[in-house]
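Everything below concerns the one structure shown next.
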Amino acid sequence: MTFEQIGLHASLLKALTEAGYTKPTPVQQQAVPAAIAGRDLLVSSQTGSGKTAAFMLPALHKFASDAQYDAPAAGAKTPNQERQSARSRGDRPRFQAAKPKMLVLTPTRELALQVTTATDKYGIFMRRIRAVSILGGMPYPKQMQLLSKNPEILVATPGRLIDHMESGKIDFSELEILVLDEADRMLDMGFIDDIEKIVDATPTTRQTMLFSATLDGVVGNMARRITNNPMIIQIAGSSAKHENITQKVHFVDDMSHKNRLLDHLLRDETLDQAVIFTATKRDADTIADRLNIAGFAAAALHGDMHQGARNRTLDGLRRGQVRVLVATDVAARGIDVPAITHVFNYDLPKFPEDYVHRIGRTGRAGRNGVAISLVNHAESMNVKRIERFTKQLIPVEVVVGFEAKRSAAPRSSAKPGGWKPGDGRSNSRSGTGTGYAGSGKPAQRTFSKPNATPAREGGFNKEGGGYKGNRSSEGSRRSFSDR
Ligand code: ADP
Ligand code: MG
């Protein structure tokens, strides 16, 4: 299927050709025609599969087919021009609420900016379509100025949007399309009440499209509540397989070992650009400083930085001036730079989903990538959790000269049929099991240790359930919010 066959508006086809898109990705093949037909959508597919265009192309197609946004009719005034002339006549002393036609909700500022950039790219040959981002951290006067232009498309993080709604700056009575991008993530961040409030403020006649890594549980319930007879599109399982990404675990003894190994791995000649994930903002800063001193063009990215600094860092990354980005989870969400060949987990993520999102920063746009986790032995349980979540074993690799002194603690599980992904894991050199990555099926692996028990899938569901329980007891992650 081609974009022409889908029947997209000519201005979009031109923009896609210019963007180098030759054919729709699988998720686009399903989503775009259905959305053009007016269907609500519930979509789960892996990161990097082209979801932004899956919702933005049908929306822009709809606007392009609306004469007002296509070629200008002689003498006709757009709503914005009407406003402007009203203003120059002095008719409009007070602020008039923006009345967007489309709203895209995203969990983070970076993702919102990425959606706006993609919209500008796809809509470049359309007239008078304006997409603006309303984000936490952006100065209010600037936002007021953006809203006063009455943009057709708003891309927003929920917290800040609520503030504007409550002060009457936005009126959703003319909203036609609502998109929730990375809905699971927004719920994880504690945005559920805000989302419900926003949804309630929009007309029930709207078209709703929801994107999420999973359509189970809380997200699934909300998804069904806010959509109307949705078409459900599931391209990959809830835990994306990332078959083009080689995953590895390296065991380390302590911080100094971890730092030395990281320095070594960063000198890999196949490394083009890299993202290193840390647990804390302070670690991101410290490691970036240290790497800079060691001669790497490194920069930190985290939620404590001003928006301007974050944007400059991301620009530097896109342009290749920043080779190594040291980031926290929230800040790195949505980064889409094809030259990122390596992702490092300096610290393991708190939630297994974050592991999937982190490694998805590499292997973009059909390329291959490498994802390396630096783990001390006390953390092997966390590796196990990730393996259960992704249903893949992560092979252990050892670099000669950087061996950990301690070998992995033997993991014993008395439960018959319990899956023991780490059994027999060893950090001796022959302990690499590159045969598994991506197979999705724990199977025989070659271990140096005698009597290694082959891993089994048996205990999956049981143990996986335990993880969910832990997580809800973690409470709200609102501290990450973009307010
Ligand atoms: P997702 O939201 O599923 O993670 P994105 O929408 O961010 O994915 O797209 C990932 C990358 O793929 C982007 O660089 C985007 O420009 C590119 N892309 C999207 N659709 C196509 C296509 N049809 N052909 C080529 N590249 C595409
Ligand atoms: Mg996306």
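Each residue, glycine too, has its Cβ placed from N, Cα and C.
Going by TrEMBL, these are the annotated features:
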type	residues	note
COMPBIAS	84-94	compositional bias 'Basic and acidic residues'
COMPBIAS	407-431	compositional bias 'Low complexity'
COMPBIAS	474-483	compositional bias 'Basic and acidic residues'
DOMAIN	1-29	domain 'DEAD-box RNA helicase Q'
DOMAIN	32-233	domain 'Helicase ATP-binding'
DOMAIN	261-406	domain 'Helicase C-terminal'
REGION	71-98	region 'Disordered'
REGION	406-483	region 'Disordered'
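Tertiary neighbourhood of the domain 'DEAD-box RNA helicase Q' (1-29): same-chain residues 36, 43, 45, 49-51, 53-54, 57, 60-61, 64-65, 70, 121-126, 233, 235, selected by CB-CB distance under 8 Å and a gap of 6+ residues from either end. According to DSSP, the secondary structure content of the domain 'Helicase C-terminal' (261-406) in residues is 61 helix, 28 strand, 57 coil. Across the domain 'DEAD-box RNA helicase Q' (1-29), DSSP classifies residues as 18 helix, 0 strand, 11 coil. Per-residue confidence over the domain 'DEAD-box RNA helicase Q' (1-29) averages 94 (mean pLDDT, predicted model).
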